[in-house]
Amino acid sequence: MYRAALLNAVDTITYGLYPLPDNAICTPGNESTVSGTFTIASGAEFTPSLQNQSSVDFKTLAFDVQQLIYEIFQAGLLKSVYKSCQVLEFRNGSVIVLFKLHFTQITANENIHQELVLGIEANNADINKKFFIDNTTIVIADAQEMATTSPSTTLRQCPPDERICADSSFCIQETRFCDGLSDCPDGSDEHEKFCSTPCDGQFFLSEASGTFHSKNYPQLYDPNLSCRWIISVRDGYSIKFDFQSFDTEEFSDVLDIYEGIGPNKILRASLWGTNPGTVRIFSNQATAEFITDYSNNHNGFKAIYGTFLSDNVTNEEKINCNFEDGFCYWFQEIQDYDGWERVHGPTYPPTSGPNEDHTFGNSSGYYLTPGIQVIPGILKSVRLLSLPLKENSVPLCLSFWYHMYGVNVYRLNVFNIFANSTETIIFQKEGNYGPSWNYGQVTLSETSGTVVAFEAIQNQRFGDIAIDDIGLFPGSCNESGFPEPTRVPTVPTTALLPSDCGGPTELWEPNVTFHSANYPQNYPNLASCVWYLNAAPGKNIQLHFQVFNLENIYDVVEIRDGRGPDSLLLAVYTGSAPVKDVFSTTSAMSVYFTSDSTGTAKGFLANYTTGLRLGMPEPCNSTSFQCGSGECIPNTAVCDKHRDCDDGTDERHCVRLFNSSMSGLVQFKVQSEWHTACIDHWNEDISNDICHRLGLGNVNLTSAVLSEGNGPFVTLIQVEDGSLSLLPSDQCANQSVIHIQCQQRECGKRLVPIKSGSKIVGGSDAALGAWPWIVSLYYNDRQTCGASLVNQEWLVSAAHCVYGRNLIPSNWKARLGLHTNLNLTQPQIATQMIDQIVINPQYNRRTKDSDIVMMHLQFKVNYSDYIQPICLPETDQEFSVGINCSIAGWGRTQSGGPVPNILQEAEIPLISNHKCQQQMPEYNITDNMVCGGYEEGGIDTCQGDSGGPMMCQQNNEWFLVGVTSFGYGCAQPSRPGVYVRVTEFTNWIKSFII
């Protein structure tokens, strides 16, 4: 602001009184008066207050201009005749100054001009001066010839909230300037030169189409901007806005679009963040205003406007909308910035609102949800309105999808608003219907002039309502085929978020420190908090905990890379041990903190820094190999049978079958280059070893193939310790190379036939050796979960089993070959420590999605009749709805009941995800899940079975189809069990075992 730069010039100000030299006081002179103007190019910034002669800003700048002119003439040839000056007006355009000069005798205009030019050049050369004047803009004219000023030397004084018109005859409210309507008699309040925006220099847009954009677009816009555009097209047309790109700071840097101009304009859209799609204004006049705050500038927007004829829009076009490209022809009256918002992905918190849209069923699609500043206990509503419908000869069916999920969901209304402004409710739902989209429909019998309105009413947080896929088609509505949703019973709840989560939830540098609530005092119970850490685009984040002390296991900090549904799990911390710094790979990080109902601790104090490639290793040069753990080793050390990388990645994927997964030419990687194996010194044991290294069974066929090309080749020799020695060469001695065909790995074979009709809940004992891949997991020597053996080293289980228990893997033990808990020393049992736990990075504890974990045994286990791996399904392998699959585990035999001593088993049918979603409306059943169970209940997995397998048999082999994840109670009617769909994670599992 200019005023801040002039504080040293107004030290003696006493509210509008300025000490001036005696002969510089601006009193009119009778001898000679001329008018003048020049432009202050830098050092002063135009603000609306410079239009008000009563304002401090006007008086401050006028003083400095008058002082400068006085000093120029006192140092020049006209010192003896100069008397005084008078600043009349400041105008926009950097700052344009209009003034009058008074002399004691008639003085030639050219002499006055020359004196000002010389004096201003000297002023501009003085680095101590406050502002720079463009001397090419200096104009001196006779007072009566200066058309831009009033001939009067007595100016009207305006009240503080008003501004004077250019002809000095009227004062109007400052808000009436540049609003599209002329209020000054001379129209100066809407003059293009005064109203042109600092964004792109435009103001009044009257063509049938055009563009406008934020300042500096596509570069970062400036802080503290205020830009306004008036769009006016031909009568009878309406205006639509599209955006070539849109990127502003969420909630803070806002583009408001109004229907109409002047003081009676109506706010129709408040836009921020990402591209809002098409915005339609059903008027031939619109106002667009872009306001930015003081920080976090983005790349801004470029808007493209055009026209359309709203009278030609059909009833179907007025209604049909999936909100993928905007609001279509729907509009709203936004009050206090509350309105329907077009969003994608989950709403916050995860226990309220959708996780994805209905149209596509994923986080990329858009839907509408109310953006209401909720005041607990105060009813607030938002309405979405259609254009008036035309008369139709037959009834019309209005269809839509709605989502009402959360402990405090209130009410959704659908209205008919008739031409006489009377309203009728035609659809109403109230309460919590679980985390699923539900179908609604209603017949519209009368359409002439009728407006359809969707109204969401909220009075508490955590009560999000959403709508999507609104449609209209001829004829009365028929039976929909969709079941009527079941309302979730209301139960007493505790607030999900404490009143103070330890500071702001949206953090940017330099505000980089945050902490748990009440820190350094103990945090509260039942806390559920989230902090979003942000870095500039292209940078990543390093999170550091200065203090960390939580109740172990039950109170947890979770850190995710990015934000929203696509964020990836980085770390889960609990307890009081020092925790490692966490690094993001993106410019955003989400930190969640939850505590249970009992026990608290001091909590945590954390901060973060941002930078380029923080925590990421520097790339290796061309002669080196980069380990997965970051370090660089020579290419010669890759696949040399010696582990040089900390994580062993230099010795992985060192052999392959060329162009095939089951058969092909054998190739070895030597110094980062693939070499084809020669037949020299080859034997069947080497073939078997190669097949086993590739995660396959024994060799089925070994054959010699004539070598073609010039290599490179490698000859293998088995040395005394059983290892293979690699001898690279340019050719094979026998001119032949090796081709092998491997068998599938033996898996999914059990020795004891399964009983039919047995169960876990309400079930019976499994026979010894019936399920040789089932593993019992013990945490701190307490039986906790199940798992499945997929090779000699790795187990698959559920991520929620290890969540908060993953920091010290050795606290976990795996018992393989276990049948009964009554005797843990039976010879078929193998007990192993866990030395590595890898939770799937997509796991989301709040939505229960991707609930899968890999656990590594300390040593390879030996297979036996009682210990065998289960088969992994291929990613495209199908297991049809309705087939019976098996479940097994040591979990409770009824909800809250006792734990069995002997392994339990059961059969359940697979059901479709669609049916599962209907029967489990509290949850979002995703493609990463598979469900099973009986309509009447009675058979199910239960507490303690988590992580265990759901197994389906194909071609006499048992496949790991599901991992036990969650349910609603145990074995209740129409409440299936939900399992991780393993086919969605086959490749992820194989990345560990092959």
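Backbone N, Cα and C atoms are what each Cβ position is placed from, and that goes for glycine too.
These figures come from a predicted structure and were not determined experimentally.
Pulled from TrEMBL, these are the features on record:
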- 30-145: domain 'SEA' (DOMAIN)
- 199-308: domain 'CUB' (DOMAIN)
- 319-479: domain 'MAM' (DOMAIN)
- 501-611: domain 'CUB' (DOMAIN)
- Cys620-Cys632: disulfide bond (DISULFID)
- Cys627-Cys645: disulfide bond (DISULFID)
- Cys639-Cys654: disulfide bond (DISULFID)
- 655-763: domain 'SRCR' (DOMAIN)
- Cys732-Cys742: disulfide bond (DISULFID)
- 760-994: domain 'Peptidase S1' (DOMAIN)
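Where TrEMBL records a feature, it is marked here on the structure.
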{"residue": "Cys620", "record": "disulfide bond", "DSSP (3 states)": "coil"}
{"residue": "Cys627", "record": "disulfide bond", "DSSP (3 states)": "coil"}
{"residue": "Cys632", "record": "disulfide bond", "DSSP (3 states)": "strand"}
{"residue": "Cys639", "record": "disulfide bond", "DSSP (3 states)": "coil"}
{"residue": "Cys645", "record": "disulfide bond", "DSSP (3 states)": "coil"}
{"residue": "Cys654", "record": "disulfide bond", "DSSP (3 states)": "coil"}
{"residue": "Cys732", "record": "disulfide bond", "DSSP (3 states)": "coil"}
{"residue": "Cys742", "record": "disulfide bond", "DSSP (3 states)": "strand"}
Cα-nearest neighbour of Cys645 (disulfide bond) within the listed disulfide-bonded residues, Cys632, Cys639, Cys654: Cys632
Mean predicted confidence [pLDDT] for the domain 'SRCR' (655-763): 81
Per-residue Cβ crowding (10 Å cut-off), top of disulfide-bonded residues Cys632, Cys639, Cys654: Cys639
Distance from Cys732 (disulfide bond) back to Cys639 (disulfide bond), taken between C-alpha atoms, in Å: 21
Other C-beta atoms that fall within 10 angstroms of the C-beta of Cys620 (disulfide bond): 16
Integer Cα-Cα distance in angstrom, Cys632 (disulfide bond) to Cys742 (disulfide bond): 34
Cys654 (disulfide bond) to Cys627 (disulfide bond) - Cα separation in whole Å: 14
Site of maximum Cβ density within 10 Å, from disulfide-bonded residues Cys627, Cys742: Cys742
Considering the domain 'Peptidase S1' (760-994), which listed stretch of 199-308, 319-479, 501-611 counts the most C-beta pairs under 8 Å: 501-611
Distance from Cys627 (disulfide bond) back to Cys732 (disulfide bond), taken between C-alpha atoms, in Å: 32
Alpha-carbon spacing, Cys627 (disulfide bond) to Cys620 (disulfide bond), which is rounded to whole Å: 9
Helix-strand-coil residue split for the domain 'SEA' (30-145), DSSP-based: 43 helix, 42 strand, 31 coil
Cα separation, Cys620 (disulfide bond) to Cys742 (disulfide bond) (Å, whole number): 36
Neighbour count (Cβ, 10 Å) for Cys645 (disulfide bond): 20
DSSP helix/strand/coil residue counts for the domain 'CUB' (501-611): 0 helix, 52 strand, 59 coil
